[in-house]
Amino acid sequence: MKVLIAGGGTGGHINPGLAIAKYIKQKEAEADITFVGTKKGLETKLVPREGYPLETITVRGFKRKLSLDTLIAIKELIQSFFQASRLLKRIKPDVVIGTGGYVCGPVLYMAAKKGIPTLIHESNAFPGVTNRLLERYVSYVAISFKDAEKYFKNKKKLVLTGNPVREELLNSGRDKVASNLGIVEGKPLIVAMGGSRGARRINETIADMLNNYFKGEFNLIFATGEAQFDDISSTVKIDEKYRDMVKVVPYIYNVDQVYVASDLMICRAGAITISELQVMGIPSILIPSPYVTANHQEHNARSLERDGGAVVILENELNADLLYKQICSLIFNKDVLKKMSKNTSKNRVTDSAEKIYHLIKEII
């Protein structure tokens, strides 16, 4: 079976594709899987690391406001359909899967027009524009939240699968990996990250907290995002006796190990992040991005908060004092953390990749 997976831009679009690819390989070792993205997305790093070939086309989003940049983006979009057509002709996939990002538009559309079985996966409760446009052309739409149903017209194409997460998250043990991370024993581990691209407000707040409040109460792995790493890491000034407890990194590649060892997460509220927290049962302080369509991250965050698995801090309310006090109020109360962990896990889905695999086999 030849499989082409289109997805890119952020980890939230790429990691579900990697999870699907890994499951396919487990079921069919001889499966030939290729990814397609753009040259500017995180896929250029994540996909090769997992051993899959990556093809690229040129496409990006654009605003409706007329400008030179918009005209260039429209030109690239038109060209991307021809690039996608040539790619499909060369690879000859048996099925094409879209997991999000602008690259899905031309690739999935051209595949459907060529009669190739197609499937898109929508990770959010509020679907993106590209997936809503593709609905009429593809064979199936795999959705992760029941709330997403109302945004699609053809209900017969919808299948509730949940978000596929990496198998490593399901099969790891804390004791086995904690020592590999070099964390100080006897102290809880906090993991803070603002998504694959980083989040300026979160980064600056955590740097402020480390400089002015932190007294070695916990271990911290702080992922800034590659674009902001040099700037943020240079501002962090930690007392020498606490330096072994803090690791400032641009990106967490071994995130499965970090998840397993963590006691509390500080992060955005993207759909894939929420699903991974649920699978792992990790309590969290969620800071939803205010810069996303229809404010869908706050909806995600409030859902987990209602379940009792998370504390939500809006970005416009975020400051170092508030964050520090919230962290301490949780990590020094093990009963609260234990209850939050249980509440986080109660709506977890662990067989999403399997469900998507069965859809693939149905349409080819």
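Glycine too: its Cβ is placed from the backbone N, Cα and C atoms.
Summarising the annotation, Swiss-Prot assigns UDP-N-acetyl-alpha-D-glucosamine binding site to Thr10, Gly11, Gly12, Asn124, Arg166, Ser196, Ile252, Gln297. All protein chains considered, the CB of Thr10 (UDP-N-acetyl-alpha-D-glucosamine binding site) has 19 other CB atoms within 10 Å. Thr10 (UDP-N-acetyl-alpha-D-glucosamine binding site) falls outside any helix or strand according to DSSP and counts as coil.
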What are the sequence-distant neighbours of Asn124 (UDP-N-acetyl-alpha-D-glucosamine binding site), meaning same chain, six or more residues apart, C-beta distance under 8 angstroms?
Ser144, Phe145, Ala148, Gly270, Ala271, His296, Asn300
Between the binding-site residues Ser196, Gln297, whose Cβ has more other Cβ atoms within 10 Å than any of the rest?
Gln297
Residues that sit under 8 angstroms from Gly12 (UDP-N-acetyl-alpha-D-glucosamine binding site) by C-beta distance, when 6+ apart in the chain:
Gly100, Ser123, Gly195, Ser196, Gly270, Ala271, Ile272, Thr273
Around the Cβ of Arg166 (UDP-N-acetyl-alpha-D-glucosamine binding site), how many other Cβ atoms lie within 10 Å? Please give the count over every shown protein chain.
22
Could you check what DSSP calls Gln297 (UDP-N-acetyl-alpha-D-glucosamine binding site) once collapsed to helix, strand or coil?
helix
